[in-house]
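Participant: Mind having a look at this structure? Questions to follow.
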Protein chains: 4
Amino acid sequence: MSDVKKVVLAYSGGLDTSVIVKWLQETYNCEVVTFTADLGQGEEVEPARAKAQALGVKEIYVEDLREIFVRDYVFPMFRANAIYEGEYLLGTSIARPLIARRLVEIANETGADAISHGATGKGNDQVRFELGAYALKPGIQVIAPWREWDLNSREKLMEYCEEHGIEVDYAKNKKKSPYSMDANLLHISYEGGVLEDPWTECEEEMWRWSVSPEQAPNEATYIDLTYVKGDISAIDGKEMAAHEVLEYLNKVGGANGIGRLDIVENRYVGMKSRGCYETPGGTIMMRAHRAIESITLDREAAHLKDEMMPKYAELVYNGYWWSPERRMLQAAIDESQKVVNGVVRLKLYKGNVIVVGRQSEDSLFDASIATFEDDAGAYDQKDAAGFIKLNSLRLRIAASKGRGIE
Amino acid sequence: MSDVKKVVLAYSGGLDTSVIVKWLQETYNCEVVTFTADLGQGEEVEPARAKAQALGVKEIYVEDLREIFVRDYVFPMFRANAIYEGEYLLGTSIARPLIARRLVEIANETGADAISHGATGKGNDQVRFELGAYALKPGIQVIAPWREWDLNSREKLMEYCEEHGIEVDYAKNKKKSPYSMDANLLHISYEGGVLEDPWTECEEEMWRWSVSPEQAPNEATYIDLTYVKGDISAIDGKEMAAHEVLEYLNKVGGANGIGRLDIVENRYVGMKSRGCYETPGGTIMMRAHRAIESITLDREAAHLKDEMMPKYAELVYNGYWWSPERRMLQAAIDESQKVVNGVVRLKLYKGNVIVVGRQSEDSLFDASIATFEDDAGAYDQKDAAGFIKLNSLRLRIAASKGRGIE
Amino acid sequence: MSDVKKVVLAYSGGLDTSVIVKWLQETYNCEVVTFTADLGQGEEVEPARAKAQALGVKEIYVEDLREIFVRDYVFPMFRANAIYEGEYLLGTSIARPLIARRLVEIANETGADAISHGATGKGNDQVRFELGAYALKPGIQVIAPWREWDLNSREKLMEYCEEHGIEVDYAKNKKKSPYSMDANLLHISYEGGVLEDPWTECEEEMWRWSVSPEQAPNEATYIDLTYVKGDISAIDGKEMAAHEVLEYLNKVGGANGIGRLDIVENRYVGMKSRGCYETPGGTIMMRAHRAIESITLDREAAHLKDEMMPKYAELVYNGYWWSPERRMLQAAIDESQKVVNGVVRLKLYKGNVIVVGRQSEDSLFDASIATFEDDAGAYDQKDAAGFIKLNSLRLRIAASKGRGIE
Amino acid sequence: MSDVKKVVLAYSGGLDTSVIVKWLQETYNCEVVTFTADLGQGEEVEPARAKAQALGVKEIYVEDLREIFVRDYVFPMFRANAIYEGEYLLGTSIARPLIARRLVEIANETGADAISHGATGKGNDQVRFELGAYALKPGIQVIAPWREWDLNSREKLMEYCEEHGIEVDYAKNKKKSPYSMDANLLHISYEGGVLEDPWTECEEEMWRWSVSPEQAPNEATYIDLTYVKGDISAIDGKEMAAHEVLEYLNKVGGANGIGRLDIVENRYVGMKSRGCYETPGGTIMMRAHRAIESITLDREAAHLKDEMMPKYAELVYNGYWWSPERRMLQAAIDESQKVVNGVVRLKLYKGNVIVVGRQSEDSLFDASIATFEDDAGAYDQKDAAGFIKLNSLRLRIAASKGRGIE
């Protein structure tokens, strides 16, 4: 066991990380600094301060990071249209690099030589936290209690609390959810419990942020989203900060039954896992961003983005936000977004996000060229013959050598 | 003008291609062979025989290609999860290579030296027909009347009919749609008319194959799709031929308001164009195929497919079905599909396709490993520490050389 | 024939473009502006001034663009390690976008409404000139005489000269080379003549910039190249401007028999073509750049560059320098080059470029980690077990489902 | 320590693996099966039998795998033109999956429950052996002594020999090389020693398979290589088995100073490492394969291969030969090689591999089209105008919206 003097812990205020505070103090005989962030998970963060104090913590960080989170992490990722494995909008993944960064910065400020987190040894989050921390501060030590201790059941945790006088009233009052959950402004996720059988439909009562399409209003909701350089800057003409945009879209999306997802995904550590996600605002943003790009982006710029996207999404999912290759891709993507300005109009109805209009001063859509009606000479149809002749030349030569119909 | 003796025309039986028959006979003083295919467009094809006869055509081909179309073109494409520009399921694109092939084969059978089609000089279809034809028979001549003649308005066409005694009753009886449409078993498309302003929402009466989500039933429909090697072989346990699968899914999808799409896309010939599409069955198949792959495909095989997909979709869209590069990608994709077997359960509700279950004897999902509960030693959490340490090594070294926090 | 008032011609001063001056004046009854650039082709450009005057040209541009060419075009391309089809260093391709840009700028300055060039209708250069011009000034007209006129043989050209009093003494004095050639600071190319049979070895007398390996010195030459952000800034410790670097390397490379290439390549217009190239400096730079990257670039940044490279090279070859997709790739590449600083030592010997040393303050090579000797704990070999266990997990699960040995 | 009954060891007959035999017997109290393969490393393998017997081994496998190695591993890889990080021909990497496969098959035959190898915990080879073994037999145990024991210096190893009566005469007679080496028919590699400083030029006496370019003959050697489906089937008209091809090319290449390489590469386990390689035959094959492809492969098939290549090379380097993603890429590559038939003529001279001719009945090179002379109508230059006009349309539209000259 390495010699640790002070450790910064990503502290939620919940039972597990409270146990970790005590366990770190005991096991490493070190000082614990707690860091609790409001990323829009929908729970008060201030109560974590008192809890940390009760556990004997002296240096306590409680921070509202919502704007930084959405502006510097979520929005850049949405410029890339990032989707993991065709479905997942990376809600958990994108929060981890920010937390890793703050853990390291706080370690620098407080003179800590280690960080710690409450992620298990089977999941992606341990990787994301630790790759981030190592990429930013290579000598940092990382303590992952779930990989070290033997408190690997609820009973043992409760026993530990009792033995160490950790208050568990909050745990008693609330019935423990059968799911492992994670939430931030972009999404809430559910794993475990009955979800471990991918043939079992998930229960309606599991979902927390959205009504079901069945329960959504019978009237559609229309909204206009204004884009500046690929980011949403206003809704229905009202300017908003990045995190306000997402909060608003979560509300209106959730009310219309939008953004539920139930998938089996491939974890970076090598196994498949069932996950359910509610991403109302993100689901709306994904659709809208593609729509504004559809009229403003050059074709080949758009296709290049589509070719880059799977790798970008994989990097975010796997925890490589702070890697040079993610920065390279981001540079390419951001270069493309200068012209992604304009307005998208959406219709939201019972789980559907329907694009009904897009307009932009940077639009490359030119009805006078595209029209099947008379175009007044904007396009010479005879050019198409030469275009086809030369594009087919290699195929014609090959066919003339016997590579035609097999 | 080249010397053409006999030309095979892709003949729909409609006004435009009827005019083309006559125009070819007159302009090239050549014999015309007509080819009319049932691709599931939802209109009778037999009437085309009498119309061709009335135009003096002696060699008339009328063929039901629905099974070949779905089995050999649509299904292989869906194995690739092909989506063009994030949205379009390539309904029109995928029919063209089959038509090009039959045109060339019929030219071989009838000793024709040319083929012809009714696609305009501004669109993608001319490219798809002609690249296909040249790739299969390099010396073939292609006549594209819309690029040659001056009948470029409805009035001129009607005048031409009158002058040449072409029956237009079918044109009189039906009010001409304001849209340019194309249909086959995979979809129906709409372009032109009011769609030429991308800010204008399309009208409800435009859509033909689906009800709106609003008008769809208030009760969800559940279906089970059985996959064998990446293709659907049965629905609700009932074995079906490929085209029956798609017909069935079109019906149940359309009835549940599924598969409408309204986009601005980039044509291969260089301009942006607004298109609306109804693809009820295809929309269901896309979702379901990803779901069955999610439990049966290896992670990296799946990611490689995702990286290949944009290029594959672009090749199909641009008309390169018969190219060696499309065949290379198909070989890779088909190699991956041997294990894509099992059943997907879907819930269809007012425009939503919701995956509620997937199971397979080839499933790689292993709850005993993924579980956050005790896994009886199936996975050693300590392995994760080494995994992270070595994956981060390059980042730690870089950070130690000053490339950490900027 | 379109109505052209003034046309800017890319004018070499040679026979062909002199004929074009006259032909443009006659055919379009327009004013001709000539533009002659020194790109390091190794011929005087000033004589072009008098020749243009003799042809009645009033606005004459003669410019030394060598530094701009190497600094803003060649160097950025070498940051990408761009090689077309595994062999070709893109010597001709990279000069075209600069010429296109100057043609357009001069058109803007002189109020010209068209540009013209002497490239044939079969080659890549027409595409590169014209895509560049259209991308920079969309309304510009382009006149490509070789696609329009009927002077398609040497005899007809000479006849035209005689009829129009164009001096051909320079043509008389020099025996016409049997090759079609193009030169600039990066390379000289040869096409046509006996090269049209790819089984025929090219003749020693064809080559102009290099001795053969056989004739190169028996003593090796050593040089040190200093890199700053991916570009060479000094040779053997002596700071040089970009074009001086390339001039120096051409000299030392050519003297050591370096940089000859004989390939069959695929032109963008669809046919294969045999080309021979001498690229002494470029061949050295390619090898050296990879060597400095090998110690300074992160592994995944390097691999991402390798994956992007074929597309980048294709874009340059095909003439898409001024496209948004090339700019996106460049942004990603340039992002990676910040750390590509240091010195590479090379041994040049009879056609061989041998890397014998590389060093850098930004080096990520760390002998204390890589060593097979005792590393004092810098690397824990036990981490490798966990690394392998988790990287193989997906394969182990698959094998346990019967996907192991086939 | 796990309970192992019988272990199959990759046994070279050298000092290190002899120690491992004894160490396994002692440490695990298990039976050891030795497996020694002739992969063309240039040393007798039969002596390994007696040495194993002397160590008390009862089940001894000594096999000549040269033909299988070249035909089923080296040749398929060369079809892909695989080069790792722009330089390395993957000589060590490609032998490992075959050894892994035989270890597993022998384990199955002998009822062994474990395999073992002599690779260190810092290198790539441990990963390649173990990923291969796990992919083929998921429950196999792997013992990697170098990651477990404390015999981590030459002295301790010698001491162990003495204590355990292991004959070290072969070690006494030969002076121990200062390099860590690995050899098979494709290459010999050198690491460690003075190479650990990347600024130090390697010594002439290090190289074993090739003369230096300086010492190579002053006369060039010409050879003709015949290709069938992308593999070499004959040299100078003489049919040869796969391993004979490589043996022959190693000899002629080495005699002409061909195939030396000195690089810094990125290991999969995360650090940079200096490696020197001699790959005479492989260097010749790489050049020749590209040459035969240059006349037989379609352009886009070739470019697709170039885009796939870096990933393919990375997979081989990292040890994923037996993965589904490598098989997918191989399927695509092999699909392209059906037409890669013909003859390449090479000139070998003092380190240079110079392509001087290529011919094929499947050649797509058509001088009658490519010629700058009169082509008798094979290519209509006017088609180029339309080709350029439509390819530039998207750029012209963008420029007309202000995205031209910045």
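Each Cβ is built from the backbone N, Cα and C atoms, and glycine gets one as well.
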Participant: TrEMBL records D:Ala10, D:Tyr11, D:Ser12, D:Gly13, D:Gly14, D:Leu15, D:Asp16, D:Thr17, D:Ser18, D:Gly118 as ATP-binding residues. Which of D:Ala37, D:Ala80, D:Ala82, D:Ala135 is assigned to the same site?
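Facilitator: Among D:Ala37, D:Ala80, D:Ala82, D:Ala135, only D:Ala37 appears alongside D:Ala10, D:Tyr11, D:Ser12, D:Gly13, D:Gly14, D:Leu15, D:Asp16, D:Thr17, D:Ser18, D:Gly118 as ATP-binding in TrEMBL.
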Participant: Figure out which of D:Ser177, D:Ser180 sits with D:Tyr88, D:Ser93, D:Asn124, D:Arg128, D:Ser189, D:Glu265, D:Tyr277 in the L-citrulline site per TrEMBL.
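Facilitator: For the L-citrulline site that includes D:Tyr88, D:Ser93, D:Asn124, D:Arg128, D:Ser189, D:Glu265, D:Tyr277, TrEMBL also lists D:Ser180.
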Participant: Tell me the Cβ contacts of D:Thr120 (L-aspartate binding site) under 8 Å, same chain only and six or more apart in sequence, or just say none.
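Facilitator: Non-local contacts for D:Thr120 (L-aspartate binding site): D:Gln126, D:Trp146, D:Arg147.
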Participant: For a quick check of understanding: given the listed ATP-binding residues D:Ala10, D:Tyr11, D:Ser12, D:Gly13, D:Gly14, D:Leu15, D:Asp16, D:Thr17, D:Ser18, D:Ala37, D:Gly118, what is the maximum Cα-Cα distance in angstrom, as an integer?
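Facilitator: Greatest Cα separation within the listed binding residues comes to 16 Å.
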Participant: Out of the binding-site residues D:Ser12, D:Thr120, D:Ser189, D:Glu265, which are near chain C, with a C-beta less than 8 A away from one of its C-betas?
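Facilitator: Near chain C: D:Thr120, D:Glu265.
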Participant: Among the binding-site residues listed here (D:Asn124, D:Asp125, D:Ser189, D:Glu265, D:Tyr277), which has the Cα closest to the Cα of D:Ala10 (ATP binding site)?
Facilitator: D:Asp125
Participant: Excluding D:Thr120, D:Asn124, D:Asp125 themselves, which residues in that chain have a Cβ inside 8 Å of the centre of the Cβ atoms defining the L-aspartate site?
Facilitator: D:Ala119, D:Lys122, D:Gly123, D:Gln126, D:Val127, D:Arg128, D:Arg267, D:Val269
Participant: Which one is it: of the binding-site residues D:Asn124, D:Asp125, D:Ser180, D:Ser189, D:Tyr277, whose Cα lies the shortest distance from the Cα of D:Gly14 (ATP binding site)?
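Facilitator: Going through D:Asn124, D:Asp125, D:Ser180, D:Ser189, D:Tyr277 one by one, the Cα closest to that of D:Gly14 (ATP binding site) is D:Ser180.
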Participant: Select the most exposed residue of D:Asp16, D:Asp125, where exposure means the fewest other Cβ atoms within 10 Å, treating these as the binding-site residues.
Facilitator: D:Asp16
Participant: Measuring Cα to Cα, how many Å separate D:Arg128 (L-citrulline binding site) from D:Gly118 (ATP binding site)?
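Facilitator: Pair distance, Cα basis, whole Å: 12 Å.
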Participant: Is D:Tyr88 (L-citrulline binding site) helix, strand or coil when read with DSSP?
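Facilitator: For D:Tyr88 (L-citrulline binding site) - judged by DSSP and reduced to three states - the answer is strand.
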Participant: For the L-citrulline binding site, please report the maximum Cα-Cα distance among D:Tyr88, D:Ser93, D:Asn124, D:Arg128, D:Ser180, D:Ser189, D:Glu265, D:Tyr277 in Å.
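Facilitator: Comparing all Cα pairs, the maximum is 19 Å.
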Participant: Cα-Cα separation of D:Glu265 (L-citrulline binding site) and D:Gly118 (ATP binding site), in Å?
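Facilitator: The separation of the Cα atoms works out to 22 Å.
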Participant: Among the binding-site residues D:Ser93, D:Asn124, D:Ser180, D:Ser189, which residue has the largest number of other Cβ atoms within 10 Å of its own Cβ?
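Facilitator: When each Cβ's neighbours within 10 Å are tallied, D:Ser93 tops the list.
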Participant: How far is it from D:Ser12 (ATP binding site) to D:Asn124 (L-citrulline binding site), counting Cα to Cα, in Å?
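Facilitator: Just about 18 Å between their Cα atoms.
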Participant: What's the CA to CA span in angstrom from D:Tyr277 (L-citrulline binding site) over to D:Asp16 (ATP binding site)?
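Facilitator: Between the alpha carbons of D:Tyr277 (L-citrulline binding site) and D:Asp16 (ATP binding site) there are 22 Å.
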Participant: Where D:Gly118 (ATP binding site) and D:Asp125 (L-aspartate binding site) are concerned, what is their Cα separation in Å, rounded?
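Facilitator: Just about 9 Å between their Cα atoms.
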